[in-house]
Amino acid sequence: MMQRPLPPADYSLKETSPHLGGVASMGDKLTSTYDLVEQMQYLYVRVVKAKDLPAKDVTGSCDPYVEVKLGNYKGTTRHFEKKTNPEWNQVFAFSKERMQASGIEVTVKDKDFVKDDFIGRVLFDLSEVPKRVPPDSPLAPQWYRLEDKKGDKAKGELMLAVWMGTQADEAFPEAWHSDAAAVPSEGLANIRSKVYLSPKLWYVRVNIIEAQDLQVSDRGRYPELYVKAVLGNQALRTRVSPSRNVNPMWNEDLMFVAAEPFEEHLVLSVEDRVGPNKDEVLGKTVIPLQNVDRRLDYKAVNTRWFNLEKHVVVEGDQKKKETKFSSRIHLRICLDGGYHVLDESTHYSSDLRPTAKQLWKPSIGVLELGILTAQGLLPMKTKDGRGTTDAYCVAKYGQKWIRTRTIIDNFMPKWNEQYTWEVFDPCTVITIGVFDNCHLQGGDKALGTRDSRIGKVRIRLSTLETDRVYTHSYPLLVLHQSGVKKMGEVQLAVRFTCSSLLNMLHIYSQPLLPKMHYLHPLSVTQLDNLRHQATQIVSMRLSRAEPPLRKEVVEYMLDVDSHMWSMRKSKANFFRIMGVLSGLIAVGKWFDQICNWKNPLTTVLIHILFIILVLYPELILPTIFLYLFLIGIWYFRWRPRKPPHMDTRLSHADTVHPDELDEEFDTFPSSRPPDFVRMRYDRLRSVAGRIQTVVGDLATQGERLQSLLSWRDPRATALFVTFCLIAAIVLYVTPFSVVALLTGIYVLRHPRFRHKLPSVPLNFFRRLPARTDSML
């Protein structure tokens with residue numbers, strides 16, 4: 001049974017008023033640079049080192065570690081074997097919200113097989129702990145004498161720093177958090193906040209010109225020679241050379257995507273198609289990309305000859321050996337730095353700069369994002385028989401990706417983390433995704449698990465007013481096979497600050513992409529293939545970071561599957577086109593009402609305006625621009641006050657048929673039973689048939705226009721040519737204003753002078769021939 005859609009209000013954006021920047025004293029400035037998030041108080045304990053610890057074992061050695069305890073929360077450092085002067089330098093953070101004790105206990109223990117021995121401890125009263133506010137310098141650690149359980153002096157000293165601070169503290173990202181006490185130490189890396197950088201991507205252009213002196217095994221046939229180029233998991237090949245000899249010519253460009261640092265080499269092999277599905281390698285060359293020329297424009301780089309090496313099997317010895325011989329290949333190869341390597345969907349690009357840094361323009365402003373909280377998250381997995389969610393956020397803008405810390409087992413997580421990006425173009429989009437962390441146990445134990453999507457938010461910077469803080473709660477909507485589902489809401493604070501308004505306004509006159517995309521454009525198919533390769537490289541590199549930003553997360557953020565066909569998206573786009581055309585249709589209906597004198601007063605006013613414009617044609621353009629100005633001013637009071645958000649009605653997600661959803665989530669190629677595929681194929685044929693008819697009708701009208709002068713219908717063309725001659729003479733001798741006036745009055749004539757039949761010009765046009773007669 002299909003889920004009943006939630007009321008639309010539940011899918012809307014909600015304005016919030018969080019207490020940003022923390023408490024400020026009377027008239028003071030904000031106490032923190034974190035002014036887009038709510039301040040969270042933490043007790044920090046930095047355990048630095050110990051000295052002169054007593055030997056506890058029978059062997060006369062000590063394996064020390066430190067336990068930091070506050071109420072029910074307990075954090076431990078790693079232990080050292082046989083060391084009386086250990087150095088840990090670990091930080092522990094306890095959230096003030098969860099504090100239940102009035103004192104903190106820092107205990108040094110000796111690791112033992114049976115029971116860990118107590119060495120000594122240091123006690124602190126929370127009321128005595130100092131506060132630290134950045135940009136104050138970090139608190140200097142001090143030596144404390146260890147005490148035994150009775151409070152007497154024990155042997156050994158411990159260096160500590162204890163202070164109260166906020167999440168703006170430098171120690172915050174690296175700290176062990178009390179709310180992650182249940183996570184084993186190997187999983188801690190997966191829950192910390194991190195900043196990642198996308199690898200720098202280049203387009204590699206390989207112009208394969210020719211080869212010389214190839215040694216073909218069968219000299220009795222004309223060789224079918226082509227070049228195969230492989231870079232990482234990308235493989236391309238040239239067409240078969242038209243010159244069927246051992247000195248083939250191609251002069252063909254192949255394009256690849258490569259990422260710095262260049263790990264893979266470009267491998268070129270010249271191959272001969274000996275038979276169907278049988279190719280013989282005539283020679284190979286390996287080119288390291290570090291040695292390749294980089295260029296910023298379309299200036300030709302120098303061509304180079306590369307020797308081709310051949311693998312041969314020597315008689316009696318089965319080992320392959322490389323022997324160099326005189327075959328060689330002529331190439332022009334370069335790294336094209338003048339293009340922007342697209343790794344995102346072009347509609348949601350967050351960066352449009354060319355690869356080469358020399359071509360970058362200065363930044364125009366700063367984007368600040370405060371990731372505050374989430375509400376009403378749904379349980380994403382089951383643990384110990386109950387639903388649980390371990391949520392974290394990922395935001396991507398430009399080359400910088402950020403990941404917040406994971407809040408363990410909480411349907412209303414509070415992150416309160418703030419991040420900043422440089423902005424080079426306001427017409428870009430920041431994407432924020434919320435995910436459920438399925439890797440709390442560390443890497444190997446969670447093999448095969450994937451972090452689940454909770455939802456995604458996109459904000460286009462150009463829709464934000466400068467220097468205004470937007471605080472809204474965004475719905476997290478995900479399309480499931482059962483329909484659209486609200487997974488909760490995420491609360492964000494966004495501010496776009498512009499350094500120079502003139503620079504930003506100037507950008508609106510500039511091309512969206514770097515110049516090379518327009519001067520030497522790449523084809524749409526080529527760009528699609530290159531984008532696919534770029535997203536694969538980015539997701540592979542980020543999944544190898546430590547901790548990894550996983551492949552499924554990166555692909556969701558980059559909209560990797562956005563090009564897949566779906567009936568829902570096709571419908572949504574069709575209705576978007578209809579929405580755009582509805583304005584023109586409304587104008588047409590209004591003009592029809594004017595012509596039919598539905599409101600005589602309006603029609604008379606239009607007559608007067610029309611006569612004035614005909615008599616004074618120099619007023620036409622000023623009137624049009626003044627009218628547009630007045631419309632713009634009129635609409636100002638209805639301007640959008642909120643950033644855009646995911647719209648279920650626009651996406652046709654709340655009314656979609658279950659089978660259409662199942663089709664959208666089907667794999668490619670299809671994994672459904674043949675009957676399902678046949679039914680869907682028939683439905684697709686019926687939809688495509690309607691589209692085909694509309695496209696055919698448009699083509700027919702265009703062909704009729706062409707046939708006015710093509711003498712396809714000799715009588716019609718003769719009539720039209722005669723009409724053109726008479727019209728030219730009449731218009732030559734009659735003032736233009738008289739012709740315009742007569743035409744306008746005829747068009748606006750009263751209904752009693754109108755006929756319901758189509759007009760003569762329309763009848764003539766509809767009778768013209770199109771090329772439909774010649775179609776099979």
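Note: Cβ is positioned from N, Cα and C throughout, glycine not excepted.
Because TrEMBL annotations are produced automatically, they should be read as predictions rather than curated entries.
Feature annotation from TrEMBL assigns domain 'C2' to 24-144 (among others).
According to TrEMBL, the feature domain 'C2' maps to 185-306 (among others). Per DSSP, the domain 'C2' (185-306) is made up of 10 helix, 64 strand, 48 coil.
According to TrEMBL, the domain 'C2' annotation covers 348-474 (among others).
If you look up TrEMBL, you'll see 574-591 (among others) marked as transmembrane segment. Cβ atoms under 8 Å from those of the transmembrane segment (574-591) belong to residues 650, 652 of the same chain, restricted to positions at least 6 beyond its ends.
Positions annotated as transmembrane segment by TrEMBL: 603-636 (among others).
According to TrEMBL, the transmembrane segment annotation covers 718-748 (among others).
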The domain 'C2' (348-474), counted residue by residue under DSSP: helix, strand, coil: 10 helix, 62 strand, 55 coil
Summary of DSSP states over the domain 'C2' (24-144), given as helix, strand and coil counts: 6 helix, 52 strand, 63 coil
